[in-house]
């Protein structure tokens, strides 16, 4: 590749990496932007090594740097899938990949087992000879890449897939495998298969990163489309309303519930239950007002979820559950643009956390979860039990109370459940 193209690609990947890091620092609890930054970090490292390899007098050192960037993708695959799908990163698998990547880096950079002397003419520059572990390392890299490629390909096409544009990242993953094999074969023969195409593997990683960027940003364009769809309805409601701030919030809550035919009146009922709990706890009027607002808007993130998923009569599959579980994150993102809602952002963000740490989106435990969010969780769970759902019938009050007893101190705060049950009995 011409040097000017490599310089341009390095500038582009570095700017994208820095942009994602800035977005992450603005909201450190949302790790999607951090995950999204990693492919561009490794692309930049590979491109830097590539440039210095052509212009510098230490080909062995800079070729090692280039492969450090390439091998870094093994550690990036799992977080990047998480940032696209919202699935939780499997910590054990990711730790294993991290250990493998670190071993690859250490062996590549500090030994001559992967790349070694003497140098030989490879196209228009000098390149180190492949070491005894080069072929093994490349096979491991291809195997890991191919595994993630297949795992994405076999994902069934459903309503959610149609709303998301995953095809670019399929192409990008395929491209990184093809260019890697091209580079592997070229190095094995001692010369490029095609003239002037000496850095195919590095180019493949950049194409993959850019295709990933396309798919990653398509998530946000999809959510924006969903929000725009309901903008007119909300605007009409606001235009007709000269009432108080709380009444305006009620209108927004009703707008949200138009998407889900099974949750009509849900937000108002949750607010009523939550207020009863808060009064039993002798909370201040200010806290109760915040709680009211949070209850009415706790499901606003569902605006960004397809109605086919919200109203699906069969049990949700793992991908659909992932998107249902994204609504607290979307809710906080939506409301963060309005200063009047800043005090309730963390309540909405954490209302599906569990005291045992198995909730979402962050797996918080006990006191890590804001008190008002724990109250909303109790009220929300109770109303869900009493409500008809597309996949089950409503429970009786007696059944709901028994179920609350069964999930206190695991899903719900036991003290709050006890207070609520006292209120229900009275």
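Placement of Cβ uses the backbone N, Cα and C atoms for every residue, glycine included.
TrEMBL: automatically predicted annotations, no manual curation.
These figures come from a predicted structure and were not determined experimentally.
What TrEMBL annotates here:
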| type | residues | note |
| --- | --- | --- |
| DOMAIN | 241-426 | domain 'HD-GYP' |
| DOMAIN | 263-385 | domain 'HD' |
| TRANSMEM | 6-26 | transmembrane segment |
| TRANSMEM | 33-54 | transmembrane segment |
| TRANSMEM | 60-80 | transmembrane segment |
| TRANSMEM | 92-111 | transmembrane segment |
| TRANSMEM | 131-154 | transmembrane segment |
| TRANSMEM | 166-185 | transmembrane segment |
| TRANSMEM | 197-217 | transmembrane segment |
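Across the range of the domain 'HD' (263-385), the DSSP-based residue counts are 83 helix, 2 strand, 38 coil. Here the listed stretches are 6-26, 33-54, 92-111, 131-154, 166-185, and the one with the most C-beta pairs under 8 angstroms to the transmembrane segment (60-80) is 33-54. Mean pLDDT for the domain 'HD' (263-385) in the predicted structure: 88. A Cβ distance under 8 Å defines the sequence-distant neighbours of the transmembrane segment (6-26), meaning residues of its chain 6+ beyond its ends; these are 33-34, 36-37, 40-41, 43-44, 47-48, 50-51, 54, 199, 202, 206, 209, 213.
Listed as Cβ neighbours of the transmembrane segment (33-54) (distance under 8 Å, sequence separation of 6 or more from its ends, same chain) are residues 3, 6-7, 9-10, 13-14, 16-17, 20-21, 23-24, 27, 62-70, 72-73, 75-76, 79-80, 82-83, 124-125, 127, 199, 202, 205-206, 208-209, 212-213, 216.
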